[in-house]
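J.: Starting off with a structure, shown below.
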Amino acid sequence: MTDVFKVLTPAKNINGEHTHVSMGDTKGTWYLSLNKSQEFYNVYGLALKNGQKLSLAEKPGEYVPLLVDIDLKKEVNGYPNYGSNDFYNDEDIINVVKIFQNAVSENVNRHAKKLTNKNLRCVVLEKDIFIERINESEDKYIVKKGIHLHFPHLFLPKKDIKNSFMPVVKTMIDQENVFQDFINSMDNQIMPSSLIDDISSKYWLMYGSSKEGLNKPYKISKILDHNQQEISISKCFKSETCIDGSPITDTNVEFELPMLLSINPKPSIISNKLFYFKEAPVKLCDALLPVVNNNREKEGRMSSREIEKMKKLTSFLSVSRADDYNQWWTVGITLFNIGTGRDCEEEALEAWKMFSSQSTKYDESRCDLEWAEMKKKNRPLNARTMGSLIFMAKSDNPVALEKYLLAEQMNIENWTSHQNLDVESIKKLKVPVFDTEIAEMFVSQHEDEYLNGNLGWFKFNGTIWSSLESVGRHMRPSLVSLSRSYLNLIPALKYITKTLQNDDEGYEPSDSGFGFDDDDSASTSGGKTTAEITKLVNSKIKLINDLAKKCQNNGPQMSLMKVIEDMIGIDNLNDKMDQNKQLIAFTNGVYDLSLFTFRQGLPEDYITRQMTIPYDITLTMENPKVIKMLNFFKKIFPDEELFEYFMLENCEMYIGGNRDKILQIWTGEGDNGKSVTNKIIENKFGKLSVKFPKGMVTGDPPKAGACFPELTRAQRGVRWAVVDEFAPDETVNAGVIKNLTGGIDNLYARDIQQKGKDVIDIDPFFKLIFICNTIPNIRNPDNATWNRIRVIPFESTFKDSIDDISLEEQKRDKIFLKDTSFCEKETIRELGEAFAWYLIQVFIKKEQARRDARLNGKSFKIKIPAKVNEATELYKAQGNAIADYFNDKFEISDDDNDTINIKLYYQDFLLWFSQTHSNKNVNIDKKKFMKLFVQHAKGDMNTFICTKLKLKETLEEFNLENNEENGMPLF
């Protein structure tokens, strides 16, 4: 299959985007570009014709042909001698096809497009019976027969097939009792629908391909028309064309089958065969269906001037945006929201097509297809509007945009010099007079650039909204620039009057030097006398000079900024900023975790904090930076299972919230990499990470409305919160743990300067991490507390020298040479960049698995390594150890003379714990033991004496007096 791979592009070269996956000896994912389709199918067809084994599968897109997998298998005693007819008969296949055709006819929406008989044609594909011995010791076999149904002329939305259509069809199949002979031959009775699988979301083997090993490909056994009558292959595809555009014939149709049966053909082919379902006949898993909002408010239809502005702004966008799918789609969804929100959808789609046509990849039907999907969801993404277009245009073509916006605001066009400014332009020229007019012009020119509210002033820097200490320092230059743009018109205005004066016979200037005498009978221009035109020009010049005074003097500037503040101010800005859990900002853009897309930041993201590193889209698993980072973490976690778990758990750090409600406790002796690991994470997060004081989790939670400044630091999108350096005798509050690791209710806090009524409602975005050598005990834990805790052991040790340690000992004890470069700022930053990229890749795979599980109605959980479970269980045992020891050894007494001196029982406690916990050692020192025991027994904290307490009578006495002599010190 070497020649086939030469045509395809390895997915790793284009950031993982792929259309095909190899299921044979050569593993990998690949991308087929449209401009190489003809070459690919020719090479693939020739390889198939020459008998080469092929193992390529296609990745399904958002729209797929209706595909059905019928999986017949059963267990038999003795080697079977089966043929196809022993499994099913033709009537079974015909009945199943008929059920699907009827279901399509009843449930497909016919309003937009007519459903024809051709759309109902079904290709039946089969492969030979496969026999597999269960094990060598028994003479039992599994017999399998695979059948695929493929409707090549009918494309449908993938998720609707899974969520709405297949459940309905399966019900119909059970009612018809198909495959009854096969079911009756089985030991266990099953429902017919259990034989039918929906594979719309799975990779689909190309025609002629098979999996590795002895597997054979599926072949066409028959094709059924809309009446379930057999037709020839050439008749089925008669109206199609070959990959080179020539017509399908009896002689070439076999060669073209891999292309004709592709589940991911050209967008133009999908568009012609695409249908949508009516409203689902059965509401299944409503939470999984797309949210549809058919009542979106519209602002009223755009004026023709605004539509032209939309098209003009789109024309300023860079061609590179049209070549990059993510940016191309962002432009599309922006125009879609403008079009549907302002009742100019047709014009918005036209603007998108004009923009897209600049790319060599342009396919008009692809625009129609994507637009139809946006319309079906009818859900604006971050409510992108004209401001987003302006921002993108400003990034791509700032000079042209500035000239255009200025000309638009002045109500003149194409002014580049005095020659372009004629009398008509002077009459149309708008010069703002009042503060409100100037402010409106400023806001229009700087749309979505400034923001003001209860959090202060912000300016959009291209990625996030940056907080401004002094808004005047930023606005004043813009106001001055606005006035100078008008002042630059004065020479052109004067040129007009000068030209008229030179043309006027007997002209004499007035005393003012600007106008004409009242009795001037000069020539006319455009129906007006020279005097009238000069008067008009002078009035415009006066207005411009007045504007300049307001924009360039401090007092009027302050007044203007106050008006601008009122115009762009947003109430409760705190409720908007940093509230999207799916967005995380890097220094060079924003990653959208819901779409697995890295893109340019937009004003409507409302992000005010970003990480300190860029997201490097050029990284691959073979990049030296990534290899170095992985080598570092594999020394931290030499155990492969522990390494994978650490990555799977922490790839969630970028998404806001703690949806799995996990508290990670990193523990281990010193010099094992905990601090360096956390330093890498904190360094890349910057202001998105906080360090909580220990008292926040060891003390009681504050009362409602009380001052709690520590928690207020964790608002505004903070993703990472750490508590470290616990003392051995400190105890953590279980209630605080549950509050901070995510629950139904938000957290409430008040900063030092805030009034009680200004309490902040905090939706925690952070993951909570404890870092400690000795794990603190938990006060009054319940099952909900323990279910949240994951103790992650850092097993390695990093030493300054390992010369005297054998290689065997190093490997066994996980000892490594300490690399001091990991403490250097540049190394930490480099590791952070690679780590950030790698975790995003892990997150994508994990999230896709989570979504697939949700669609199938299953729960999703990652496997917890045995070492984490053991460490967590040991911690739990230690947390309950005092109470268990107390209950095992002691009992309450009514006699005041019954006393217990806790100092004497520490060694007995250690022995008891070892005996009751499989010889494990408890991580509780004597001081901590005495304190916890006295607390539990309600004894005297000064003397460590507990009254009305005695040993249980069933226990044998032991010699406490001689403990010290026997090497068991009391202190």
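Numbers here mean position along the shown chain, with the first residue as 1.
Cβ coordinates come from backbone N, Cα and C, glycine included.
Pulled these from Swiss-Prot:
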{"type": "REGION", "residues": "506-528", "note": "region 'Disordered'"}
{"type": "DOMAIN", "residues": "624-807", "note": "domain 'SF3 helicase'"}
{"type": "BINDING", "residues": "Gly668, Glu669, Gly670, Asp671, Asn672, Gly673, Lys674, Ser675", "note": "ATP binding site"}
J.: Give the sequence-ordered set of same-chain residues, not counting Gly668, Glu669, Gly670, Asp671, Asn672, Gly673, Lys674, Ser675, with Cβ within 8 Å of the centre of the Cβ atoms defining the ATP site.
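T.: The surrounding set, listed in chain order, is Asn773, Phe794, Ser796, Thr797, Phe798.
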J.: Any idea what the model's mean pLDDT is for the domain 'SF3 helicase' (624-807)?
T.: 82
J.: Does DSSP give Lys674 (ATP binding site) helix, strand or coil?
T.: helix
J.: Ranked by the number of other Cβ atoms within 10 Å of their own Cβ, which of the binding-site residues Asn672, Ser675 ranks first?
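T.: Answer returned by the neighbour count: Asn672.
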J.: Within 10 Å of the Cβ of Lys674 (ATP binding site), how many other Cβ atoms can be counted across all chains shown?
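T.: Step by step: centre on the Cβ of Lys674 (ATP binding site), count other Cβ atoms within 10 Å, giving 21.
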J.: May I ask which residues of the same chain, at least 6 positions away in sequence, place their Cβ under 8 angstroms from the Cβ of Gly670 (ATP binding site)?
T.: Asn773
